[in-house]
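Enquirer: Quick one: the structure is below, and I'll ask about it shortly.
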């Protein structure tokens with residue numbers, strides 16, 4: 001945002017500078033359409049107000065003055081679009097232009113490439129800091145699935161793993177030049193701060209996610225001489241947090257929340273329509289609006305004359321008439337072409353739609369967020385397997401009754417008027433805890449406007465949806481990995497093919513193919529881990545969950561058969577793997593059992609239909625424990641996954657028997673384990689697993 005001006009870049013490649021006069025937008029300059037603009041950065045060459053504009057379209061970057069004149073243009077050799085631009089002005093060497101494209105960070109000096117650095121994974125955002133002597137530039141990078149890192153002189157000098165998945169950075173305008181302190185917003189909705197002091201990089205979470213939408217953008221806003229952090233989220237909410245400039249590590253205080261109804265793409269504070277501060281917000285569909293305080297809104301309404309209001313109303317009426325005429329002409333043109341006898345195809349415009357799918361939560365649900373630029377009417381959902389389905393409260397879900405006994409799913413979701421964003425929660429309804437293939441779900445999105453053309457979304461539910469959490473891992477320093485189950489795969493596959501096979505197994509984005517790929521995933525319910533390391537012709541998978549190894553083994557075998565690639569698969573299964581895994585989740589089973597009892601008790605108390613007065617009386621009719629359970633059931637939905645945990649432990653034993661040498665008498669032992677787990681006899685379960693381990697070791 002320039003002084004009293006706004007710069008906007010859109011998907012059509014148009015860059016325009018706007019100002020507000022008499023509450024009406026006025027275009028200062030506007031470029032011609034071209035490639036989609038992927039990044040816009042305002043910079044200052046004199047150290048005060050921003051006076052230069054940099055915009056990236058594909059692999060090309062141009063610089064504009066405030067009047068729209070091009071003073072800088074460069075076409076890079078980057079293979080991917082530029083996603084971030086930084087311009088660092090230094091007293092000694094002038095200015096550096098820093099571009100981010102995929103995994104590559106490139107420095108340009110005097111329009112020539114100075115140096116570049118390739119990260120292990122995609123760079124999500126970056127921030128630049130200058131050393132005290134203005135001799136070096138340090139970059140704070142957010143790397144997908146890897147956390148944050150400090151880049152200096154083309155080398156990564158520090159790194160830290162952040163499990164929340166930070167995606168956006170915002171440098172405090174009050175920070176000192178030599179300090180590296182930066183706020184971040186994460187995919188789980190949390191907000192924190194990253195600090196680099198004395199070669200040590202650290203982070204501190206300041207605001208927990210707690211079900212909030214993922215952070216899409218961050219900005220700064222001044223109000224009443226106070227600094228606020230503006231947070232724009234994927235669920236359409238805009239939040240203002242008051243920042244203590246004396247101590248940036250203190251927890252910010254939430255001051256304001258606004259819901260726009262669609263994902264927010266940009267937030268920034270400044271002065272456009274008035275001399276006071278405003279918060280400008282841009283949304284997914286292209287709306288741009290400003291948020292002001294109540295005092296400013298009341299003042300602007302009283303100052304506006306009746307003549308200005310009448311003139312503004314007449315302009316709106318003329319604009320509505322023009323749009324109605326244009327819509328009628330386009331509709332008539334489409335109908336005329338559809339009735340034409342000449343050979344040809346009718347191609348309505350493709351709906352502008354985006355969707356994001358998250359990994360499974362502790363309850364096993366995978367959430368899909370669907371956002372359209374136009375109002376949504378209905379969704380048609382089809383899957384060849386049985387699915388459990390939940391949707392937003394602003395929609396009506398109906399499953400076709402004829403499909404109840406079949407093995408597939410056909411459902412419709414009817415949305416309320418004006419709905420542009422909706423979420424779906426999906427879960428495979430499988431009786432077996434081990435799923436041997438991914439599940440494909442087809443979603444047809446139908447808008448309310450004409451022509452009635454649906455957009456098809458194809459969503460893949462991976463076989464192991466719980467492995468959605470990323471974690472930094474050092475195989476050399478972690479000695480517990482030696483006792484994990486191991487799977488070795490060799491054959492004529494490439495790194496890209498192995499990455500494609502793993503996309504059927506694991507949720508989320510996988511690391512980009514490289515000469516050697518290694519990463520670690522964590523089970524969101526059990527806490528078990530899966531370590532993957534592969535290169536061309538060789539792959540190793542290690543996990544302390546034997547069912548995970550069994551699923552990976554089966555899926556890779558099926559994928560290699562489909563591709564007609566010969567592979568050799570071998571397993572190394574410790575005798576005590578089930579016992580160690582059971583001890584790892586023993587506390588989780590205890591908590592689930594207690595919650596199951598609370599659910600049963602809450603259902604029984606609901607059947608009593610107690611009066612509110614009887615519950616809140618001075619002499620309550622319920623004991624303290626029952627009263628607490630009843631209150632918890634009213635405030636939140638109590639759910640227990642105790643039965644699912646029983647299936648998981650029994651499946652561990654079955655997979656252990658199938659992968660071990662001695663696989664006899666599995667039915668009786670599995671039934672015995674299931675009965676002991678249902679009766680919550682954990683000591684007996686531990687004893688049985690120990691005896692089985694010793695017996696198998698003796699047989700060998």
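Any Cβ shown, glycine's included, is placed from N, Cα and C.
Sharing the feature lines straight out of TrEMBL:
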COILED    306-333  coiled coil
DOMAIN    5-291  domain 'BBS7 beta-propeller'
DOMAIN    349-457  domain 'BBS7 GAE'
DOMAIN    472-572  domain 'BBS7 platform'
Enquirer: Please report, as numbers and ranges, the same-chain residues at least 6 past the borders of the coiled coil (306-333) whose CB is under 8 Å from any CB of it.
Expert: 22-24, 450
Enquirer: How many helix, strand and coil residues does the domain 'BBS7 GAE' (349-457) contain under DSSP?
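Expert: Summed by class, the stretch gives 3 helix, 57 strand, 49 coil.
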Enquirer: Per-residue pLDDT averaged over the domain 'BBS7 GAE' (349-457) comes to what?
Expert: 81
Enquirer: Quick one: DSSP breakdown of the domain 'BBS7 platform' (472-572) into helix, strand and coil?
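Expert: With helix first, then strand, then coil, the domain 'BBS7 platform' (472-572) has 31 helix, 33 strand, 37 coil.
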